Amino acid sequence: MLTMLGQLALAYVAVLGFGLIINIPRRALNVAGWIGTLTWGCYLIVQSFDGGVVLGSLIGSIGIGVLGNLAAHYKKMPSIIFNIPSLVSFVPGSQAYQMVRTFAVGRYLTAVGFMLQVVMITGAIALGFLLAELINRLITFCLQQWGRLRQI
Amino acid sequence: MLTTDELIIATCLKAGQIMVENGSEISRVDDTMSRIAQNAGVTGANTYVTITGVMMSIQGRNATQIAAIKQRTIDLEKVAQVNQLSRSFAVHEIDLPTLHAQLAQVDQATRSFPLWLQLVGAALVSGPLMIMFRHEVVNTWPTVAIGTLGYLVFYLLNRYLKIKFLSELVAALVIGIMAEWAVQIGWGTNINDIIIGSLMPLVPGVPLTNAVRDILAGNFVSGPARAVEALISAAALGFGIAVVITLF
């Protein structure tokens, strides 16, 4: 439990740091950090049910896409400002490094295994964004219908 | 003296150029440019945006302009500022000449976060991500120090050499050598963990995310081009690390 809270705090800090590097507007920093924390929490929950890294990344990136869009409407800023920093904890950096290392020392079979992991995680993130786009369109559509109903 | 059509096109192109140069996705640039044209009273504006150039013409009039994009950096603050200016133009808070002048101002402005704050950012990225990925805290301080140093090397080289891939390669080399050194003097215990954490600030997150978004939006010129950019960045980082690993 304590390690989980620690991980969430670290996720917030890391997103904040990446936001500073790519120079997002100051008033977006906090919101981006919270999106990163929430989605990392979803990832950890999936992990604790033995869901695996790929499913965790999928759920996390769906969360980032949807929450980023909501934050963009709320703060009136482009949604990439929230998406890109929040995604930093989901980058398969560890697997990509292991792939390069095993390739460099000539253990090609292990390297291909790591490469497949990197490809699958990246694909899961891309698919997550696609699904998030779908959910965003649904939310906009429902809001429009709701507005029309209230006018009548 | 500029005619109205020319000023409208020049303003739209400036907005588009700033947005592409600073890391916005293509569909947003397209959208912003058409909105500015629409709010300036032009119907039938054609925009064509790629990551190396922006073109615009007005249907049936004798005006077309092209803006070339020579270099791209990542500065999302400017993207947000252009977005904001476009919004205030839409509600008639500012007129077209003011918008053009303010866009030029945004283009000239320097980054709002100074170098030291970016270095703090690099430190905040490398240490926490190392702990999150590897579930250990022994190597935190070497990772923070080497990650910050690696980002500093990348920043300075990129500023003076202006070749992004070369700067990434050298930064990866420096990170690898410093990590090896830290382990040899006994400051850190695991070279792998230190390198993983220290590389995270240099990961091409923006090109990768934008590549996915561009491809999903149907921009098959810019999306794959960005994917190639991200791939070459990743390859430069990987090659630098691979050299260090094979040497030691």
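Note that Cβ sites are derived from N, Cα and C of the backbone, with glycine treated the same way.
TrEMBL labels come from automatic prediction, so no person has curated them.
According to TrEMBL, the features are:
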type: DOMAIN; residues: B:11-247; note: domain 'Threonine/serine exporter-like N-terminal'
type: TRANSMEM; residues: B:115-133; note: transmembrane segment
type: TRANSMEM; residues: B:139-157; note: transmembrane segment
type: TRANSMEM; residues: B:169-188; note: transmembrane segment
type: TRANSMEM; residues: B:228-247; note: transmembrane segment
Positions on the same chain near the transmembrane segment (B:139-157), where near means CB under 8 A and six or more residues out: 115, 118-119, 122-123, 125-127, 130-131, 166-168, 170-172, 174-175, 178-179, 182, 187-190, 193-194, 197-202
Same-chain residues near the transmembrane segment (B:228-247), Cβ under 8 Å, at least 6 residues beyond its ends: 164-166, 168-173, 175-177, 179-180, 195, 199, 202-204, 207-208, 211
Distal contacts, the transmembrane segment (B:115-133) - CB-CB under 8 A, six or more residues away: 139-141, 143-144, 146-148, 150-152, 155, 193-194, 196-201
Contact set, same chain, for the transmembrane segment (B:169-188): CB under 8 Å, 6 or more residues outside the stretch: 138-139, 141-143, 146-147, 149-151, 153-154, 157, 194-195, 198-199, 202, 236-241, 243-245, 248
Integer mean pLDDT for the domain 'Threonine/serine exporter-like N-terminal' (B:11-247): 89
